[in-house]
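Undergrad: My questions will all concern the structure given below.
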């Protein structure tokens, strides 16, 4: 069996290290390269020795080399690096999977950049979260007169708020209600706060601890509350999800894809 060669941008970050370990243990894929910033002292070292797994490739600071040696590239970094990766992916005609979060990434119109490659962008590669989004969409449609509240708890270091996962769930709820997502946000504590309309989606954000990820979506009427919850127990969840998504994406024709596309294809 020929294994898929996967390059990893940001290979020594938290998510990058998990990806290196997960892919190295897979019978279906192998790490073809790991990228770090120019000037990183680990450039030229054996990736597996740094991360602590069975991976013999050398760490590089050349984005071009990473794409040339890979069948597909995964990046979980920042919006600026994401844009560089898109340009290089188009140049080298290689599929790209991105899990970069933050407002700048969320506001990008990827169809303006993607012309000749398969590309998947998501703020959460967890199968559980994406299944939850489907349930939330259906509940929002059926429970059309219930208030919708989304609460999240993340580690104290998380920069974006609400999180990308909360936005996935909010978009699903807005789709179920058939209302524009931009019109459906109602964030606690803002100067614009006013009386909540039934078709607005409330967001509450908590931060604390070092390694938390917990999301709740509540549908509330005068008589009852229905509560959906997703809690991450092990961050390896994201590496497993990214690997599954990459193995699917590498077989697709050019286009912009979502996790929903992938999950619909494997049903």
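Yeah, the Cβs are placed from backbone N, Cα and C, and that goes for glycine too.
Copied straight from Swiss-Prot:
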BINDING   10, 11, 12, 13, 14, 15, 99, 100, 101, 122, 123, 124, 125  NAD(+) binding site
BINDING   37  NADP(+) binding site
ACT_SITE  154  active site, proton donor/acceptor
BINDING   155, 164, 165  (S)-2,3,4,5-tetrahydrodipicolinate binding site
ACT_SITE  158  active site, proton donor
Undergrad: Listed recorded positions are 37, 154, 155, 164, 165; which of them have CA atoms within 10 A of the CA of residue 101 (NAD(+) binding site)?
TA: 164, 165
Undergrad: Rounded to the nearest angstrom, how far is the Cα of residue 123 (NAD(+) binding site) from the Cα of residue 165 ((S)-2,3,4,5-tetrahydrodipicolinate binding site)?
TA: 6
Undergrad: About how far apart, in whole Å, are the alpha carbons (Cα) of residue 123 (NAD(+) binding site) and residue 37 (NADP(+) binding site)?
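TA: Each residue's Cα considered, residue 123 (NAD(+) binding site) and residue 37 (NADP(+) binding site) end up 23 Å apart.
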Undergrad: Write out, in the order they occur in the sequence, the residues of the chain not among 155, 164, 165 that have a C-beta within 8 Å of the mean position of the C-beta atoms of the recorded (S)-2,3,4,5-tetrahydrodipicolinate site.
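TA: Nearby residues not in the site list: 101, 123, 124, 152, 154, 158, 160, 163, 166, 213, 215.
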Undergrad: Using C-alpha atoms only, work out the spacing between residue 99 (NAD(+) binding site) and residue 37 (NADP(+) binding site) and round it to an integer in Å.
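TA: Taking the Cα atoms only, residue 99 (NAD(+) binding site) lies 18 Å from residue 37 (NADP(+) binding site).
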Undergrad: Just the number: how many Å between the Cα atoms of residue 125 (NAD(+) binding site) and the residue listed as 'active site, proton donor'?
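TA: Residue 125 (NAD(+) binding site) to the residue listed as 'active site, proton donor', Cα-Cα distance: 17 Å.
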Undergrad: Under 8 Å Cβ to Cβ from residue 158 (active site, proton donor), same chain, six or more residues apart: give me those in sequence order, or none if nothing qualifies.
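TA: Within the chain, residue 158 (active site, proton donor) has Cβ neighbours under 8 Å at 207.
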Undergrad: Among the recorded positions 14, 154, 155, point out the residue whose Cβ has the most other Cβ atoms within 10 Å, with all shown protein chains included in the count.
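TA: Most Cβ neighbours within 10 Å: 154.
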Undergrad: Tell me which residues of the chain lie with their Cβ under 8 angstroms from that of residue 10 (NAD(+) binding site), as long as they are six or more apart in sequence?
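TA: Result: 16, 35, 36, 75, 76, 77, 81.
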